[in-house]
Amino acid sequence: MRNLPEILIKTRQIGWGAAKLLSSYYHGTAQDSHLDIQYKDNEPVTAADVAVSHYILSALQSAFGHQDFGYISEETYQSQPGKHPAEWVWIIDPLDGTRDFINKTGEYAIHIALVQGTRPVLAVVAIPEAQKIFYATKGGGTFVETAAGSQKLQVSSQPSIEDLVVVVSRSHRNQKLEFLLKNLPCQQQKSIGSVGCKIAALVEQQANIYISLSGKSAPKDWDMAAPELILTEAGGKFTHFDHSPLQYNTGDINQWGGLLASNSQDHINLCNLAAKILEDFVPE
Ligand SMILES: Nc1ncnc2c1ncn2[C@@H]1O[C@H](COP(=O)(O)O)[C@@H](OP(=O)(O)O)[C@H]1O
Ligand SMILES: [Mg+2]
């Protein structure tokens, strides 16, 4: 089955189910809500990440099978390194913003993306604390769904660079990123946990730019694939600082370097500006 609208209906249901399960861990109402926090490559992993990963993988695999699709989840990735051979691959982050989840900021999300080749064609981002699901298909637009129904989304058309609101990570920051933020002309800056929640702020017109800059480690395919499509289908742009598109399932799961997401006007200027500012960065 490769009919995107049909696949989307099922994926939205799975997104809501996963949101309910994750939220039960967050609020301590799951059967066993003990988070059992472990660290993998300096990043926290909880019992909630593992349970939701299992839930999403089982539900997708029973709906779509293994013949036409591959599956990559943050929590099972160790056992399947490298490029997945399938043309259509599900890329899943069962809990994006694990640090914010643990610290109870409410800013955490679930990402489910379907990638064809190296580019996303379908995406669901669930934000349990907002009781919202964002969804998009390539060429089909971006929508937000709540208990009241679905609504089409479009990024803002904020005209002046100085007035743009920038969102950045709360917990993945380094000297270089601080230098860039200090020297940008847009000084309205806000820290938000989870890439899904940051992109939700852009498509809900509460912010205009998201910047990610890798350090010793980098965000991964599952952090970016679903949020990217949610943004671009709402009229935004999401690229490397050199304007090249992000690529997924390439064999290197890391998304190295500078990434910029914006409401699209001035995207190229902003990318060039970010790269230019970083030319003057001298590490202490
Ligand atoms: N420099 C970096 N190195 C490793 N992971 C990063 C990263 N920047 C962001 N991420 C990942 O991107 C997700 C969102 O981060 P943030 O909330 O700080 O924006 C987190 O995923 P997980 O929570 O799924 O592990 C985090 O691990
Ligand atoms: Mg993540």
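Numbering starts at 1 and runs along the chain as displayed.
Here the Cβ of each residue, glycine as well, is placed from N, Cα and C on the backbone.
Note that this is a predicted model, so its numbers are computed, not measured.
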GLU74, LEU95, ASP96 bind Mg(2+) 1 per TrEMBL; candidate in ASP223, ASP242, ASP252, ASP266 listed for that same site: ASP223
In the chain carrying ASP96 (Mg(2+) 1 binding site), residues 6 or more apart in sequence that have Cβ under 8 angstroms from it: TYR108, ALA109, ILE110, HIS111, SER194, VAL195, GLY196, TRP222, ASP223
ASP93, ASP223 as binding-site residues, winner by CB count within 10 A: ASP93
Binding-site residues whose CB lies under 6 angstroms from ligand 2, from LEU95, ASP96, ASP223: ASP96, ASP223
For LEU95 (Mg(2+) 1 binding site): intrachain residues, at least 6 apart, with Cβ closer than 8 Å: LEU22, THR46, ALA48, ASP49, VAL52, PHE101, TYR108, ILE110
